[in-house]
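Here's a structure for you.
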Amino acid sequence: MEDFSEEQCSEQTPEPLLGSLDIFLFSLIAGLLIYWFFFRKKPEPVPEMKTQQIRETSFIEKMKKTNRNVVVFYGSQTGTAEEFANRLAKDAQRYGMKGMPTDPEEYDMSELSRLKEIPNSMAVFCMATYGEGDPTDNAQEFYDWMQGTDDDLAGVNFAVFGLGNKTYEHFNATGKYTDKRLAELGGNRVFDLGLGDDDSNLEEDFISWKEQFWPAVCEFFGVEATGEDSSIRQFELVVHNDINMNEVYTGEMGRLKSFQTQKPPFDSKNPFLATVTGNRKLNEGGNRHLMHIELDITDSKIRYDSGDHVAVYPTNDAAVVNRIGERLGVDLDTVISLKNLDEESNKKHPFPCPTTYRTALTHYLDINNTPRTNVLFELAQYASDPQEQENMRKMASASPEGKALYHSWVLDSERNILAILEDLPSLNPPIDHLCELLPRLQARYYSIASSSKVYPTSIHICAVVIEYTTKTERVFKGVATNWLKNKEVTDNGHKHTVPMYVRRSQFRLPFKPSNPIIMIGPGTGIAPFMGFIQERAWQKEQGKEVGETILYFGCRHKNEDFLYQQELEEFERAGVLTQLNVAFSRDQEHKIYVQHLLKKNKEQLWKLIHSNNAHIYVCGDARNMARDVHTAFYEIAEEVGGLTHTQAVDYFKKLMTKGRYSQDVWS
């Protein structure tokens, strides 16, 4: 603001000129005003964000206001950790406590030290590990806070359950770190760290941990179970008999009508509807269907890099949805809302409401996977046959017999909710309670099979259609791959669309194109390498010096499932792909896999890695292939580099740390 003087003020005095007394009084008032303006005690500026944080992001104040003493934080990428957190918060009621499931991204986690202000309080953390030992997206800020803080957490009671997968090298890294770090900061561990393994039986691991966790909590706080083992509803049903259909959700993830009026930026809560412009079968023969899909992202402002993932939101099979409706005898087109009975909860509905049962079962709920034990426990009350009811409750228990029954009858037999309803004729749950209990249908992630340098307005997907017969003689169909398979490009004017967004990845080409790259990707693991090779070709066209580009690909038969054979051979002829090594596992008596070809070329590979700064990339199956490739590299380092096994392991760990050994694997 400009400075202003008495003279400037007096310039604006009205004509005629004032008398001396008037001028004196005027000058006095002006002087006082100037003094007040410059020398008054100015209040400290309060940043808008701070006010907002006090109002919205204090989980401590919310707990006090709503009389909660157990906060259950979740770091969740696919919804499982969130589901477990909801179950623990719900369980708290059975022990005379009040739980609050909480997304750490929505709150100021530096308030954790204040938890001791609430008597008999506790924080539970359900923390999934994602990628290469990373925290989930919604737990990243909390993880960063833990790393940087020196807050004193003395008097803060906590427990941690980690969700991981043993096929990955950094098994449960986030859960382990959270447990260790909270204790280092002085937190009081109420119960031992639980480690769930998705490669084995995550649900069983959680149940076993939970069965011991609650008695430990009771002992710690001196409380007892209330004996209420009955079902506790979290949502109430509201039926809308007279509603404007423009106010009803039809599959949108966040904003109502977001599919009709698309507005960037596009993300998990606001996916872009991409038109399918390509859909072709890649394999020549065999009983599988491997496909190449192209999605048009023109005008979306979506950017991607080679190695990123595309997330797609599939819909369930309409025939399965109809059969559930028929089995339960309901009109699926009834418009409903499920409203949280806890008015203070941030989660007002389990899925976007108001909507129809048909939309919920088609777009929002997972009806294809085997239901978890808590679903069986809650639904058991609706079985009129005592034996069926007893078996359902038994499967939800932590007893060895119950676990064995759940394992054989549900997991091994791959019974989804429809199969359970069909095989338990006396089970007739209200459809609204079923919708409350089923987990959300999650987005599916695919490694992008194109380069944005070559295809700036298109994203390519390479996937295998999942379809097989289960032990109960039912046909299991993968939700997303069968849905994508049917998105054919037609000439009749109807355009198929796919709700999608891009998720960034650390799977990146070297900064210097001159660095050699070694890519290992059998089956659909070839996907990101199609993008890498396209980009190396583009770099070459730009006149850049491009290093050796080596691919190790594997499939069953050369004449059946050699994916992208023509393109790869063309890249090889053009000198972009300096080496194309293919293992056809079943074209000869002894099976040959990519790791065998790696060992065959061990001298050349060791030279590239050890002397020429080569970057290694592995994509595909985590359980066997990635592990076997790892072992092959250890053996190469030992046999050619003269390293001991311990040195070899350490050598490749350092390459990973430097970003020269990258994996994009799944199990």
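Each residue, glycine too, has its Cβ placed from N, Cα and C.
TrEMBL entries are annotated by machine, without manual review.
The structure displayed is predicted, hence computed values, not measured ones.
According to TrEMBL:
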- 20-39: transmembrane segment (TRANSMEM)
- 70-214: domain 'Flavodoxin-like' (DOMAIN)
- 76-81, 128-131, 163-172, Asp198: FMN binding site (BINDING)
- 269-510: domain 'FAD-binding FR-type' (DOMAIN)
- Arg288, Thr524, Ser585, Arg586, Lys591, Ile592, Tyr593, Val594, Gln595, Asp628: NADP(+) binding site (BINDING)
- Arg444, Tyr445, Tyr446, Ser447, Cys462, Ala463, Val464, Tyr468, Gly478, Val479, Ala480, Thr481, Trp666: FAD binding site (BINDING)
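So that I understand the layout, could you describe where these features sit and how close they are to other parts?
Other Cβ atoms within 10 Å of the Cβ of Ser76 (FMN binding site), summed over all protein chains shown, number 22.
Within the same chain, the residues at least 6 positions away from Ser585 (NADP(+) binding site) whose Cβ sits under 8 Å from its Cβ are Gly554, Cys555, Arg556, Lys591, Ile592, Tyr593, listed in sequence order.
Sequence-distant neighbours of Gly478 (FAD binding site): residues of the same chain at least 6 apart with a C-beta under 8 Å from its C-beta are Asn368, Val465, Ile466, Glu467.
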When the number of other CB atoms within 10 A of each residue's CB is tallied over all shown chains, which of the binding-site residues Asn165, Gln595 has the maximum?
Gln595
Among all chains shown, work out which of the binding-site residues Arg288, Arg444, Lys591 has the most CB atoms within 10 A of its CB.
Arg444
Go ahead and report the DSSP secondary structure tallies for the domain 'Flavodoxin-like' (70-214): helix first, then strand, then coil.
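When I sort the residues of the domain 'Flavodoxin-like' (70-214) into the three classes, I find 65 helix, 35 strand, 45 coil.
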Select the closest residue to Ala480 (FAD binding site) from the following binding-site residues, measuring between CA atoms: Gly79, Gly131, Phe171.
Gly79
Please identify which of Ala128, Cys462, Val464, Ala480 has the densest Cβ environment, defined as other Cβ atoms within 10 Å, among these binding-site residues.
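Answer by Cβ density within 10 Å: Ala128.
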Would you pick out, from the binding-site residues Tyr168, Trp666, the residue whose Cβ has the largest number of other Cβ atoms within 10 Å?
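By the 10 Å Cβ neighbour count, Tyr168 comes out on top.
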Out of Arg288, Cys462, Val464, Gln595, Trp666, the binding-site residues in the record, which is closest to Ala128 (FMN binding site) when you go by Cα distance?
Trp666
Measure from the CA atom of Tyr168 (FMN binding site) to the CA atom of Cys462 (FAD binding site) and give the result in Å, rounded to a whole number.
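Cα of Cys462 (FAD binding site) to Cα of Tyr168 (FMN binding site) measures 23 Å after rounding.
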I'd like to know which of the binding-site residues Phe171, Tyr446, Tyr593 has the most other Cβ atoms within 10 Å of its Cβ.
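The residue with the densest Cβ neighbourhood is Tyr446.
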